[in-house]
Amino acid sequence: MRILGIETSCDETGIAVYDDEKGLLSHELYSQVKLHADYGGVVPELASRDHVRKIIPLIEKAMEDADTQPSDIDGVAFTQGPGLVGALLVGSSVGRSLAYAWNVPAVGVHHMEGHLLAPMLEDDAPEFPFVALLVSGGHSMLVKVEGIGQYEVLGESIDDAAGEAFDKTAKLLGLDYPGGPLLAKLAEKGEAGHYKFPRPMTDRPGLDFSFSGLKTFAANTIRDADLTGGDAEQIKANIAYAFQEAVVDTLIIKCKRALKQTGMKRLVIAGGVSANTMLRSEMKALMQELKGEVFYPSLAYCTDNGAMIAYAGMQRLKAGETLALSSQAKPRWPLDTLSAI
Ligand code: KG4
Ligand code: ZN
């Protein structure tokens, strides 16, 4: 079976063709980063319009690269939610129209299920059950995963998502949008021990996160720092290091707790922030210590992409799930309401 996957929930147009026997056949991505950079964040209306411009040429390219004709396609999967409503509508309109025209089922995919299953695209895919740490620009959550669609949310952010905290702190440090990867790069030049950021909500039981206080702590630290001298860049790098260390440490503490609570030894980390080098190496060390295993998507599939949507869509298509032509985009859509397959 072969499926076309479409991702348009935020500022990336991602298209992929996935075959359940041959694997991923093609994968196209257009990032709108430059379009939104001047505004310091995603402008929803501009995002929707740009998806409209890019989606068809990218689908044509993905089909061509996969040497695939419409008659070879058994279903069309698209991100149905959560995300920016205008952006979602582009993917869902095109996805459902193609499914109608090609006379195949349409499948609505939950964006976070896409992230959660992205490590399944790798050769060393994790087996169920596992604990998933999903850390993206819009969400931070710990999920107990027994199988596809069997999700128990153990904890989530009560305010900013981890990626959002990275982006906001990066902005305070004068870095461009989206600042997460730039802050991580700056932190590589930073030295440990100069600043000590808090580890929010680790001093009480529970698995929820709160990251907005870190951003405020960063704002105060930057305000109090003397950034007028020749060592300003080094000071900024030290602040970036301390911020990143605090986020990573907090995530480690919560993952450790979630593994203990569930009795599981397998951890999956996905979403944009899972591209973070420090997070990846610290989590690896943690799982070695706990004699468990950690799985990530490869870097290309950590941030938003069409491949994860095609993969998740394929699993639901094979389970016989299809979408009515009248179904709506879902800007808000709790992960634990998905059906088990
Ligand atoms: O999953 P994603 O592409 O989009 C959402 O679903 O939100 O995640 C994007 C987020 C952004 O906040 C970005 O700054 C962050 O992931 N990110 C990183 C890194 N790469 C991307 N944060 C920290 N370190 C990175 N290397
Ligand atoms: Zn995402």
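For all residues, glycine too, the Cβ spot is worked out from N, Cα and C.
Of the residues D304, D336, TrEMBL places D304 in the same Fe cation site as H111, H115. Among the candidates G114, G180, G263, G292, the residue that TrEMBL annotates alongside L134, V135, S136, G137, G138, D167, N276 as binding substrate is G180. The CA atom of V135 (substrate binding site) is located 12 Å away from the CA atom of D304 (Fe cation binding site). Considering only the binding-site residues H111, H115, D304, D167 (substrate binding site) has D304 as its nearest partner by CA-CA distance. Ligand 1 lies under 6 Å from the Cβ of G137, D304, out of the binding-site residues L134, G137, D304. Within the same chain, residues at least six positions away from H111 (Fe cation binding site) with a Cβ under 8 Å of its Cβ are E7, S9, T79, G81, P82, G83, D304, I309.
You'll find the Cα of N276 (substrate binding site) roughly 15 Å from the Cα of H115 (Fe cation binding site). Residues S136, D304, taken from the binding-site residues L134, V135, S136, D167, G180, D304, are distinguished by a CB atom under 6 angstroms from ligand 2. A Cα-Cα distance of 9 Å separates S136 (substrate binding site) from H115 (Fe cation binding site).
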